[in-house]
Amino acid sequence: MNLALNLLHKRGFLKQCTSLKVLSDLMDREKIVFYAGVDATSSSLHIGHLIPFLAMMHLRQHGHIPIVLIGDSTTKIGDPSGKSEMRKILSLEEISNNAFSIKNQLQRITKFSSKCFIHNSNWLDNLNYIEFLRDIGIHFSVNRMLSFETYKKRLDFGLSFIEFNYQLLQSYDYYMLNKIRNCRLQIGGDDQWGNIISGIDLIRKKAGVETFGLTFPLITRSDGKKMGKSEKGAVYLDSSLYSIYDFYQYFRNTSDSDVKTFLYLFTFLEEDEIELISNFKGNSLNKAKEILAFEITKIVHGEAEALKVQEASFAAFRGSGDRSNIPFFKFSFSNLEEEVLLINLMLDSKIVPSKSEGRRLIDSGGVYINGKRVENQNHCLTRKDFNNNEIELRVGKKKFLRIVL
């Protein structure tokens with residue numbers, strides 16, 4: 001197998017691939033152009049979206065030529081893949097702003113040049129519908145489209161005609177990228193398999209060119225939960241939506257059974273180093289988790305920020321060091337207040353989702369103020385509790401928050 005493909009396989013990226021042997025031989029002979037697409041449905045991607053772009057970075061290191069397709073036009077329709085209901089229709093301004101943000105985010109993470117980024121509005125916005133149906137639609141079988149899981153699952157919930165067109169447009173994207181950039185490979189999540197296959201078929205019928213598709217497994221944690229979800233919601237790559245400290249802690253709290261898998265997927269460490277540190281036992285495995293958290297934080301937010309939150313994490317858990325990057329909640333006593341009920345402060349700061357959960361944690365001995373266990377549900381804080389205008393609140397073993405006046 002080609003070196004780059006073999007690397008993707010070893011690191012757990014490879015789920016399905018069309019004509020793997022032919023693609024491998026082609027990549028041995030020449031450096032190919034390949035692409036992954038992303039729609040502008042949000043102002044930020046989350047960690048679950050990152051897999052294709054990490055794979056792109058690996059392929060780029062082997063000399064292959066990446067294209068990131070920003071689907072600003074296809075966002076107007078919405079991809080039905082993996083969805084049980086129609087996506088919210090966004091305004092043109094929202095889509096434009098999201099596309100701008102996502103491009104900047106991915107350019108910062110991947111370090112790809114601007115010429116690697118293309119918007120599909122370049123060709124989709126000016127399509128003539130009648131001509132598109134005649135020249136492109138004729139090559140699609142409705143029966144075959146309905147056989148793909150993307151549409152089969154949605155038929156039970158309702159599938160709009162606008163969404164039914166999505167596969168044609170994504171296929172046309174691949175066709176256009178092959179035409180203008182000689183793109184030979186599309187990569188994406190395994191839920192995109194049907195769309196990718198349709199694009200390959202369209203190019204073969206329209207241009208007589210063999211192209212390829214490669215998909216990645218949809219990443220889940222060992223507890224069965226989808227990768228990229230936390231108690232605070234999606235683990236966004238934008239620090240204004242999900243703090244860098246919380247991002248680091250999300251990976252620092254990886255379960256033991258996921259450490260090796262995530263080191264292969266979310267870092268660029270060499271195989272022998274991953275094998276060494278992922279085989280640590282007991283408390284030593286925490287070192288592997290710290291390495292994992294640091295490496296992926298460095299990729300997404302840069303080394304300087306990764307060092308800051310690593311130091312803050314060490315300070316929180318080991319009791320020494322720079323604590324300034326531990327997340328904080330700004331609080332002020334009202335003029336009439338002499339004290340504040342801790343349970344209310346816990347809810348306001350969102351360190352607990354409800355008062356009942358806060359009471360349960362206090363009763364179980366899981367809440368600490370400045371390292372001292374809170375014994376009473378009705379515990380109150382006064383100004384005197386705030387040394388240097390702050391206190392440190394710990395909930396459970398892993399949640400730390402500075403309350404700052």
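Including glycine, each Cβ sits where the backbone N, Cα and C put it.
According to Swiss-Prot, the feature motif ''KMSKS' region' maps to residues 226-230, out of the candidate ranges 61-65, 226-230, 251-255, 376-380. Take the binding-site residues Tyr35, Tyr166: by the count of other Cβ atoms within 10 Å of each Cβ, the lowest one is Tyr166. Annotation note: Gln170 (L-tyrosine binding site) sits in a helical segment as assigned by DSSP. A Cβ distance under 8 Å defines the sequence-distant neighbours of the motif ''KMSKS' region' (226-230), meaning residues of its chain 6+ beyond its ends; these are 46-49, 218-220, 246, 250. Overall, the recorded L-tyrosine-binding residues Tyr35, Tyr166, Gln170 cover a maximum inter-Cα distance of 18 Å.
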